[in-house]
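Engineer: The structure under discussion is supplied below as structure tokens; questions concerning it will follow.
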Amino acid sequence: MAPLLLLLCLPFALAGHDYGQALSKSILFFEAQRSGFLPRNQRVTWRSNSGLYDGKANGVDLVGGYYDAGDNVKFGLPMAFTVTMMSWSIIEYGKQMAASGELGHAMEAVKWGTDYFIKAHPEPNVLYGEVGDGNTDHYCWQRPEDMTTNRRAYKISPSNPGSDLAGETAAAMAAASIVFRRSNPAYSRELLRHAYQGSRNAQKTPGGLIYRQRWNNMQFVTSSSFLITVYSDYLTSSRRTLKCASGNVAPNELLSFAKSQVDYILGDNPRATSYMVGYGNNYPQQVHHRASSIVSYKKDSSFVSCRGGYATWFSRKASDPNLLTGAIVGGPDAYDNFADQRDNYEQTEPATYNNAPLLVVPTQPKSAALPKPKAAPEPKVTPATPAPSSSPIAISQRKTTSWTSKGVTYYRYSAIVTNKSAKTLTNLKLSVSKLYGPIWGLTKAGNSYVFPSWINSLPAGKSMEFVYIHSASPANVLVSSYSLA
């Protein structure tokens, strides 16, 4: 979430995305990942209390914390990294968060994690780093509210050291202590005490898109964007540049690259797909996530068994019954390919450590902004041929951004196709004329354009988006033929 903050204040013509909305959704995702007794102000209403006996077998209260991804295990290391990144974002850009109205929610997200870390650190040299077992948990497909899997708690101690876990958890609590220094001094001091003890234990026991790997590549994209963003702000404030073999790189070039990565995630990519669930019109529908893929416990409290969940819910080809708003999934492969399928965990599973670094990019940096593009004349909009009032298909277009390169002004257009009928739209063919650039989100079929490979129909009342870029007025988009089933 960190890189998102830096973009919140950018001019709309430059930004092209609603970064404020993206930031709000990204923070909201953490409420869907909560374990334990949920508070009254819980905004993700389809979730219920879960994991209420965690730690009981070990004689310690380990209720709370976060499920890190699409399973129901509480892994301490990724949770600590998540809290560290969120805290860092608040420390660096808290004022911008406050201006966007999200600082309170961000601090609540941090505290949900640190409250758990305090519980997980019952003695100076003891830290519980995991609750649940990955093997047994992955064998089952159940809501957190129905878990029947082994909830064994694992700890590190002088006889079973783990300096990486101890060090990262200490870092998380130390960073969070700064977050709460003014608003809750007593809590800040408590966090600092635990951080100090944890760090001592660690010292005693030393032992276009960035592509890194097939599984959950977005964790590297968001983390790199965070670091680039913060480093760009540092270079600007210190009036320095980054020296590379090919020459100097200005801070605004770094920030521009970070922005490009966030924009890719939000939909500026060859598939015109937003990899943040709930943002835009085309986002993953079959997320590899137990809680979101099974009907809400509040709607149907019937028990979902370990293997029954796979048979009934995991294997469904329909969209998830619960919208996992703000979740950033694993993302596409090295060739921009993406399969929106629940069993494709490498690409469709979300994780807290995908979202946490993305807190920064949606606000303007403290001391720098992206260079504004040269003033460009607005394209003359050619009115589309009015569709009959009885037409079941509506098409709207808007310019989302523009820029000038080598004296030529380019425009990015977003087109929304909406099925206004009460039936499912199939066999859609569109005629697109006066198009002088690339188009994403449609498939070329002869002289027409049809649904992209990942969509074969459009349900009643739903919309789909495609985008294109060229240096002219909006293209003419007309419906050639369709079927309603």
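Cβ coordinates come from backbone N, Cα and C, glycine included.
Nobody curates TrEMBL annotations by hand; they come from automatic prediction.
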Engineer: Tell me which of 271-302, 335-366, 367-398 corresponds to the region 'Disordered' entry in TrEMBL.
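Structural biologist: Matching range for region 'Disordered': 367-398.
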Engineer: Looking at the active-site residues D340, E349, which sits with the largest number of other Cβ atoms within 10 Å of its Cβ?
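Structural biologist: Highest number of other Cβ atoms within 10 Å: E349.
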Engineer: Tell me the Cα distance separating D340 (active site) from H288 (active site), rounded to the nearest angstrom.
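Structural biologist: Cα of H288 (active site) to Cα of D340 (active site) measures 9 Å after rounding.
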Engineer: In Å, rounded, how far does the Cα of E349 (active site) sit from the Cα of D340 (active site)?
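Structural biologist: Taking the Cα atoms only, E349 (active site) lies 10 Å from D340 (active site).
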Engineer: Per DSSP, what is the residue count of the domain 'Carbohydrate binding' (393-473) in each of helix, strand and coil?
Structural biologist: 0 helix, 51 strand, 30 coil
Engineer: Could you tell me which three-state DSSP class H288 (active site) falls into?
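Structural biologist: In the DSSP reduction, H288 (active site) maps to coil.
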